[in-house]
Amino acid sequence: NISFTVWDVGGQDKIRPLWRHYFQNTQGLIFVVDSNDRERVNEAREELMRMLAEDELRDAVLLVFANKQDLPNAMNAAEITDKLGLHSLRHRNWYIQATCATSGDGLYEGLDWLANQLKNKK
C-alpha cells in the first residue's frame, strides 16, 4: 500500500512563484500538460525545466500527464515528449502518460508507474 499527499498548485502564471513552497520533501512530481495547447507548450517546457532545476526536486521522479487526448488536434505523448525536451533529462527517472481527465483514461496507469517508482526508491 502507498498513500499520496497531493498538492494541486494550479498553472496560472500569477501563482507560479508560489510553487517552490511545496517542493520540500517532494518525492514525485506530476506535471499535467494540455496536449491541445500548441501555443503554450514551450511555456510549459520552460516552467518544467525551471522546476526541475530546483535543488529540492533533484531526486524527485517525474510523471507527465499529456492530458486532453480526447480532443482531435491533441499532440500525442511522443510529440509532447519532444516538445518538453524530456529526453534531455538524463539523470532523472521520468514517464509520460497520455490521459483524458474527463474520462479517467490513463490516470491509473500513470499513478501506478509513480507508485512503483516510489516503492523502489525506499
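Cβ coordinates are placed from backbone N, Cα and C, and glycine is handled just like the others.
Caution: TrEMBL annotation is automatic and unverified by curators.
The GTP binding site feature in TrEMBL is assigned to G11, N67, K68, Q69, D70. Cβ neighbour count for N67 (GTP binding site): 24 (other Cβ atoms within 10 Å of its Cβ, all protein chains included). Secondary structure at N67 (GTP binding site), as computed by DSSP, is strand.
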Intrachain C-beta neighbours of Q69 (GTP binding site), sequence separation six or more, cut-off 8 angstroms: S35, N76, A98, T99, C100, D105, G106
Nonlocal neighbours by CB distance (under 8 Å) for K68 (GTP binding site), same chain, sequence gap 6 or more: D34, S35, N36, A74, C100, A101
